[in-house]
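Q: First, the structure itself, so that you have it in front of you.
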Amino acid sequence: MSNFAIXLAAGKGTRMKSDLPKVLHKVAGIPMLEYVXRSVGAIXPXKTVTVVGHKAELVEEVLTGQTEFVTQSEQLGTGHAVMMTEPILEGLSGHTLVIAGDTPLITGESLKNLIDFHINHKNVATILTAETDNPFGYGRIVRNDNAEXLRIVEQKDATDFEKQIKEINTGTYVFDNERLFEALKNINTNNAQGEYYITDVIGIFRETGEKVGAYTLKDFDESLGVNDRVALATAESVMRRRINHKHMVNGVSFVNPEATYIDIDVEIAPEVQIEANVTLKGQTKIGAETVLTNGTYVVDSTIGAGAVITNSMIEESSVADGVTVGPYAHIRPNSSLGAQVHIGNFVEVKGSSIGENTKAGHLTYIGNCEVGSNVNFGAGTITVNYDGKNKYKTVIGDNVFVGSNSTIIAPVXLGDNSLVGAGSTITKDVPADAIAIGRGRQINKDEYATRLPHHPKNQ
């Protein structure tokens with residue numbers, strides 16, 4: 001029989017106090033709903049249907065191509081949301097997973113175990129439960145003397161005795177698909193919220209003598225539903241611990257994992273060393289034996305093997321093997337650094353390609369440049385790429401030496417093996433093998449300093 005999945009993602013999430021739909025708030029780099037979609041993939045569903053509502057177009061954009069969508073125009077409860085999938089799923093034979101889109105910590109392994117438990121026990125419905133010492137706010141699992149699940153009671157509808165129960169409903173279920181849609185026709189809104197509860201389906205199955213089971217999570221953290229910013233921060237913390245643990249098991253060294261922030265899709269090779277306060281975001285890839293020191297921040301970039309990045313920022317760029325960057329350098333988007341390049345302190349590179357073994361040791365701006373190999377930038381070199389309206393390109397050949405405090409005004413090209421004298425302003429192309437000097441001649445005026453008021457003779 002086939003597996004199906006329904007993801008509930010229609011709610012606004014009022015307690016988040018945000019214009020963004022709740023399920024689109026990010027945890028470790030991706031929306032919560034994306035985590036749910038990835039975990040659901042573990043059960044290999046033949047059909048996945050996502051129920052959208054508030055700002056549906058934003059939610060659909062995140063899961064385009066991964067699911068079918070139905071709209072819940074009025075948020076009338078979880079049962080009502082599942083009813084919206086009827087045109088797609090009703091009448092199909094199989095097992096249907098129902099899961100909330102705000103549960104980013106649930107793992108694919110747990111969902112696979114839930115489905116297997118449901119099938120092996122021949123249940124018509126299976127509730128995914130968890131145990132906690134602080135069950136406030138959760139629906140409680142009410143069992144009979146034989147430990148069979150009888151019903152789920154929501155917090156607002158629970159008696160004082162039921163509120164003491166520590167086994168809680170995680171909001172995730174598996175149902176016999178055909179029986180699910182039959183039972184949904186018999187639920188009503190006679191409850192404190194005036195909504196259609198998916199949990200009422202469990203009571204219907206019990207009344208008809210059908211088998212209802214409960215599978216308990218091994219890790220309570222997986223049950224976390226994010227309803228406010230406090231829970232979002234908790235989910236972020238748990239996910240980052242998982243991520244860092246995975247990398248450590250794979251051979252990455254962390255000086256202080258609790259102070260290191262790595263997004264879920266970052267790839268890190270073995271033997272990388274990561275100091276505290278390092279942030280790696282997006283689709284970043286780090287090569288083997290690279291060192292990332294305190295304060296380094298890398299976004300959507302590829303860093304090769306054996307690089308050393310010292311307290312610097314790299315954005316949407318590629319850094320080859322053996323490169324050294326920093327401290328206090330900034331590699332801005334669309335830049336590429338060739339092997340063994342050195343970018344030193346207070347150097348900014350933007351939209352530029354830099355060839356192998358080139359060095360810019362300090363206080364340099366390289367913008368919109370194509371730089372060859374074995375180039376040396378003296379301290380204080382500026383490539384002037386903007387005239388107030390347009391950006392222009394500078395092309396610098398191989399083995400070029402640029403003296404300190406030089407200004408290179410684009411568009412201009414410096415030929416191979418050329419040299420720019422210190423303090424020059426370059427406005428014209430420099431031929432290969434030439435020396436360019438663009439500064440005023442030095443003039444010494446003898447004894448002139450004696451006329452100045454600060455001279456010792458005038459004190």
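Cβ from N, Cα, C; glycine included.
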Q: Among Ser373, Ser404, find me the residue Swiss-Prot lists at the same acetyl-CoA site as Ala379, Asn385, Tyr386, Ala422, Arg439.
A: Ser404
Q: According to DSSP, which of helix, strand or coil covers His362 (active site, proton acceptor)?
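A: Looking at the DSSP assignment, His362 (active site, proton acceptor) belongs to a strand.
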Q: Counting only residues 6 or more past its boundaries, what in the same chain has a CB within less than 8 Å of a CB in the region 'Linker' (230-250)?
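A: Non-local partners: 16, 25, 27-28, 32, 104-105, 221, 224, 257-258, 260-264, 266, 268, 270.
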Q: When a 10 Å sphere is centred on the Cβ of His362 (active site, proton acceptor), how many other Cβ atoms does it contain?
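A: Total other Cβ atoms inside 10 Å, all chains included: 18.
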Q: Tally the residues of the region 'Linker' (230-250) by DSSP class, grouping H, G and I as helix, E and B as strand, and everything else as coil.
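A: Final tally across the stretch: 20 helix, 0 strand, 1 coil.
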